[in-house]
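In what follows, a structure is listed as structure tokens, so that the remarks can point back to it.
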């Protein structure tokens, strides 16, 4: 009888705990898992592969209107090679450089090592569903002065600096609008994992798995750049996993709605900012590190006495292992419009809602 109890306990623990290995090997989620509003929009449909563009209706938050390549044909990447000066048809670089809308998919599993940063044109979707796609060990993605880009279901890691100027970010969003980054895995890049800078806005970052990195996510170019005061970013349903140090995110001047994310033992701080940004932390799940001096969730950088009046609010967050938000300020709720709003759950539900963060292992004819 005792051995039976032990076996049952081990099985329950295995199903209840999200594993780092799952994030690396792509998630296969049990059908009974609680789905967040984005995933509930499409994952229950076993015929997802026959209408891939339906995904474009599923974003929430400030990036809700991002349509990517919804109004264009499917383009299948068949060749993982890269030639920055003369991209070959069938390669990812060839697809993203086209002027027309495209919904880009992949014929098989592949690792793409880029020789220079991948400049993504407007009205493009990179859709990794149905294949295990990695962009790694070279320069990575740049979304510059474009609009309507969706990046879904790929792994981006070990990104290098580009000799032609990119710092080595996983994804850099520069002067761009209507961008949605969903169900990606990001880790170990030379600079940031995701930067949203220089007047970029209308961005949603959701369902991603971040791990093993220092400066995770930057929103806003620098403290003196006033153009970012109109920046609006939604960060929802992500897992900030082991080995992260800071910037989850760091915000400058603009507005960030940080909702229903899971934070696992950051090393310095989780959410920070400078230059008087507005931050609303809602329904997150914070597990503090063991180090006593790092248990505060927030950090105000280069801040004088006025920083105590910054509008950094917390609502329905869960604080574990001694985590605490810091001096709470006025709550400024997001002014969503046109269907951008979504139901934010209490932080206690976040372990379930984020259990499928990262790329999903999807098979044609089956629910993801």
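Glycine is no exception: its Cβ is also placed from the backbone N, Cα and C atoms.
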Among 167, 182, 214, which is the one Swiss-Prot gives for the Ca(2+) site where 191, 195 also bind?
167
Candidate with the highest Cβ count within 10 Å, taken from the binding-site residues 167, 191, 195:
195
What is the Cβ neighbour count of residue 247 (active site) at a 10 Å cut-off, with all protein chains included?
27
According to DSSP, which of helix, strand or coil covers residue 167 (Ca(2+) binding site)?
coil
List the Cα distance (Å, whole number) between residue 167 (Ca(2+) binding site) and residue 247 (active site).
17
